[in-house]
Amino acid sequence: MGGKHYLLISSFSMEGMKILALAFVLCGFQFYTAQCKSCTIEKNVNGTIAVGENTYSRQKCWAIPVPFGHFIQLQLKNMYQSGASCQKENVKINIAGTSDVYQFCISDSNTNPITAFDNVTITHYVSTNYYRYTGFTLEYAIKTIECLNRNSFECDNDTCVSEDRVCDGVKDCKNRADEIGCERVYQRSPGGERGGRVLVET
């Protein structure tokens, strides 16, 4: 089973769009089992969760699996002004493996981005005595941990490589962006740096 888990994570790194498969693996390994059963699983590496409806009582959640070697950034963009108190309406973000819980209410002005290195669950809770329009908008993006380094090279919206891998003759980015526009020319040579390549001309 451990081998299958590793393969799925590697597949995500190569293709960037297999979070749903990873979520099933996580459920199988009993990570976040309750959330997998009851929450909507977000399948994309970046996206928006938007809710808006008339209701007086609801509790809905969304689970976002974060693969090993990746992190997620979330930001609550807005909450509709329903007039309910924080106890009667809120959005909570839970991070797996920690006791961290971020709660947002309609009256909150602080909606700074949240960064997490494990699976997260977003829960929208409403409990009032009469129907009212309620909802929120939250944006998220999953990226490789390398993207946290200030000097990293951004291959695309969700993948980065270290600066020393740019223009080194090896295509590390899936879209080959790290070798586009490079003036360096490499040729294969046994024992050369980075898997048998040495710089022969600049």
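Heads up, the Cβ atoms here are built off N, Cα and C, so glycines get one too.
Keep in mind it's a predicted model, so treat the numbers as computed, not measured.
According to TrEMBL:
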DISULFID  C155-C173  disulfide bond
DISULFID  C167-C182  disulfide bond
DOMAIN    27-143  domain 'CUB'
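Considering only the disulfide-bonded residues C155, C167, C173, C182, the Cβ with the fewest other Cβ atoms within 10 Å is that of C182. Residue counts for the domain 'CUB' (27-143) under DSSP, helix first, then strand, then coil, are 8 helix, 69 strand, 40 coil. Per-residue confidence over the domain 'CUB' (27-143) averages 87 (mean pLDDT, predicted model). C155 (disulfide bond) sits 14 Å from C182 (disulfide bond), taking the C-alpha atoms as the reference points.
Cα of C167 (disulfide bond) to Cα of C173 (disulfide bond): a span of 11 Å. In this structure the C-alpha atoms belonging to C173 (disulfide bond) and C182 (disulfide bond) are separated by 14 Å.
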